[in-house]
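What follows is a short report on a single structure.
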Amino acid sequence: MGTKSKLKEVFEVEAKHGAIYSGGTVELTSDGKLLLCQCGPFINLVDVESGQLNGSLGKTEEDDAGIELDTVISFALSADEQHVVSSHRSGLFQLWHLPSRQTIKVWKSIHKGPVARLALTSEGTLMASGGSDSSVRLWDLVHQSCTHNLIGIQGVVSVLLFHPDKSKKLLLAAADDATIVGWSTETGEPRLALKGHFSKVCGLVLHTDGNHLISCGRDKVVILWDLKKQCAVNTIPLYEGLEGLVLLPENVSLPGISRSKMSNMCVAVAGERGVVRVWDVSTAKEIYIQTNSLVPKAKEDGSLAITHLLWNSNMGALGVVSVEHNIIFHKLDTFQCVKQFVGFSDEILDVAYLGPGDSHVAVATNSTNVALYRVSDMSCSLLQGHTDLVLGLASCKANPNVLASCAKDYSVRVWHLTEDGSTAKCVGYGIRHTAAVGSVFFGQMSCQLMASAGQDNCIKIWKLPAKLSDALEPTTLNAALTQVAHQKDINTVCFSPNDKLLATGSQDKTAKIWNVEDLSLVGVLRGHRRGVWCARFSPVDQMLLTTSADCTMRLWSLQDLSCIKSFEGHDSSVVRGEFLSGGTQLVTGGADGLLKLWTIKSGECLSTLDHHNGRIWGLAVSGNEETIITGGADSLLVRWKDVTEEKKKAALAESEQLTLEEQQLANLIHGNELLKALKLALRLKRPHQSLTIIQGILKKGDSIGLSETVSQLSTSQQEDLMKYAVTWNTNGKHCYTAQALLSVLLEEISSGKLRLEGLRSTLEGLLPYTDRHMRRLSELQQNLHLLAFTANCMQPHAS
């Protein structure tokens, strides 16, 4: 508790986790180690093994949030994996060198409208672009010139595929008219037209024999084509709209399926059902259907659940890309999930630390799943159970392995972290609310006590079983107490440190205190001008913190229910607040995207942290209070680290070093070692002492020593001297020193040894004062000559 009682002053971003895939094209390298994901104006490169972002195409350190960047519409990876070509909303193509992440060439697309699909030949010298203007164009990538404009399709191009056999010189494409058309890449003439689909074709794959083509589409069928005869061999109805199609290698195995039952024409397909199905297209038989899908079924008929399928040869796994932008890899021989990536979280609604030593972070987003991240490497696991959006999360102080969640499906669920920490299983659920549940909270002394509240204006207290983790199936939870608490939606609920009191905050602008034993009302806290977003009890004092949409935070006394103190500083709603440092500080997050650190005693805001571009919905403090994690409407998860002690130690060390150097400088000046003293004064950024030292050098007549010393200085120190000289030159008392120093510096510049940036502006500041000093000295010289002349004229009369 010693570290918790110390005031915190400085927090810095330790890590952040944002979007890696926001929809569109996904490509996997042949070795299965790198995933290329379309994400707005960038193409993110994700390391499949670690899940870490390994760079981005199009992103630079100079990117300004205020500048509108050119959104990527589609991209393609060359077969040698050296180049990536992308199409953009501006109508431009961009060719990238993948290893260096550098742009090679940018040119105009010529298409009338967006370019929806791109494809590259195996040698990477020829590119096909399919637009929304019912045309496909062939491009010579060596000269970035269009060689052919291919016509014969209608609508937006949905798929493009080059025949891998170079001798075939064939390009296949399909668009909204559902016809698969093939052209000669040499002459641009149509060579085939395959008609059999009645809706959009979403997937094309060539068999290894080069003579058979497999296609799938939104018309819920898979068709096997013979390219030589240009006819359909098999048309297989699957009774679901399909989007993903992958040809499986011949040597793969499936769970419980003998290899002898599989031909060399097996494909994996997926679509609106959210499950992967394996079909032998040569015999039109379904071989396997996935039973452990992590992707929920599409909510509406005709919409999608899975948008892409990827084959990872390195892992022997099948990658599933969901409509919620999650990327999940299943080991094909067992179909067990081996990797999960959350590509885009949309709005992060709540966060909570979980596990021993806060090893995990649970995140609620605009999804039915809870995302569970391991803090060490940000590997992710999706917790399924809720049937509508998850709105709130809560961890348990008494048992760090327990998590509670609440959602729009009127339910609360309790999760328990598995022993290996890979995921959490649902051990209990309760459906007793009659509207969306917005807040849930565990008792602080026991995880057998839980409270929930929501849009039905009710609070419920749940008594949980002692050993939830031992249950094989989720236990049905029953509410022990229920109370209609407010007139409008309840946004927050929390227990006091001794679990005797319960606090609620509502959109009706009030907060209320309740007795936990019977949910009797203890008191009503009135004073906020708008709805109350968050309420928290002080860990040490009899106080309650409330944050509100009126941009203020208030501290209330539990003894007389009076407002003790009000804090103002946020420009928008204050959504979250927590106590820190043994109840002596507050940390708050607002709709302005700012995280603020407050001291309760003085009411002062010590620090304002700005890293979010939207409302901060979620805020969680680690058990040791060394880190804070925030999540917001910008889909960004930010982990802040307390660096107060490090900053204080660094400041103390810097102060001690400065004291030593100042003493050393005084010793050098006292010992008349002026040239060494000048170097030290410049390093310490002491202009006045530098002036005194240079004046002392000039009084000694050691101009040669001054010149040698200046020549030995670093460029930055010489630049500082030039700036000092310009300033000294404005004062007639110091102009001689300044001009002597300028003479030395100008010699360095004329010899080419010194190059100063902004020399023109420096000289512009020098010339007026130098001219003034010159005129003054000239007048003095004239006066001296006049005085000498007068003295000579007076000599005969004196005799």
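Quick reminder: no glycine exception, Cβ is built from N, Cα and C everywhere.
Whatever TrEMBL says is automated annotation, not expert-curated.
Taken from TrEMBL, the feature domain 'U3 small nucleolar RNA-associated protein 13 C-terminal' covers 662-794.
Under the heading repeat 'WD', TrEMBL lists 108-149 (among others). Listed by sequence, the residues of this chain that lie at least six past the ends of the repeat 'WD' (108-149) yet keep a Cβ under 8 A from its Cβ atoms are 73-80, 82-83, 85-87, 89, 91-93, 95, 155-162, 164, 166, 171, 173, 175, 183, 185, 187-188.
Marked as repeat 'WD' by TrEMBL: 194-235 (among others). Shown for the repeat 'WD' (194-235): DSSP residue counts in helix, strand and coil, namely 0 helix, 25 strand, 17 coil.
Panel annotation: around the repeat 'WD' (383-425), residues 294, 296, 349-360, 362-372, 374, 431, 433-447, 450, 452, 454, 462, 464, 468-469, 474, 477, 618, 620, 623 of the same chain, lying at least six beyond its termini, place a Cβ under 8 Å from a Cβ of the stretch. The feature repeat 'WD' is assigned by TrEMBL to 383-425 (among others).
What TrEMBL records for 483-524 (among others) is repeat 'WD'. Sequence-remote contacts of a segment are chain residues at least 6 beyond its ends whose Cβ falls under 8 Å from one of its Cβ atoms, and for the repeat 'WD' (483-524) they are 438-446, 449, 451-455, 457-461, 530-537, 539, 544, 546, 548, 556, 558, 561.
Taken from TrEMBL, the feature repeat 'WD' applies to 525-566 (among others). Note on the repeat 'WD' (525-566): DSSP counts are 0 helix, 24 strand, 18 coil.
Taken from TrEMBL, the feature repeat 'WD' covers 567-608 (among others). Taken as a whole, the repeat 'WD' (567-608) shows an average pLDDT of 93 in this prediction.
Per TrEMBL, the feature repeat 'WD' maps to 609-641 (among others). Here the repeat 'WD' (609-641) has long-range neighbours at 3-4, 8, 11-19, 65, 344-353, 357-358, 361, 363-365, 373, 375, 393, 395, 397, 400, 572-573, 575-578, 580-581, 587, 589-597, meaning same-chain residues at least 6 beyond its ends whose C-beta is under 8 angstroms from one of its own.
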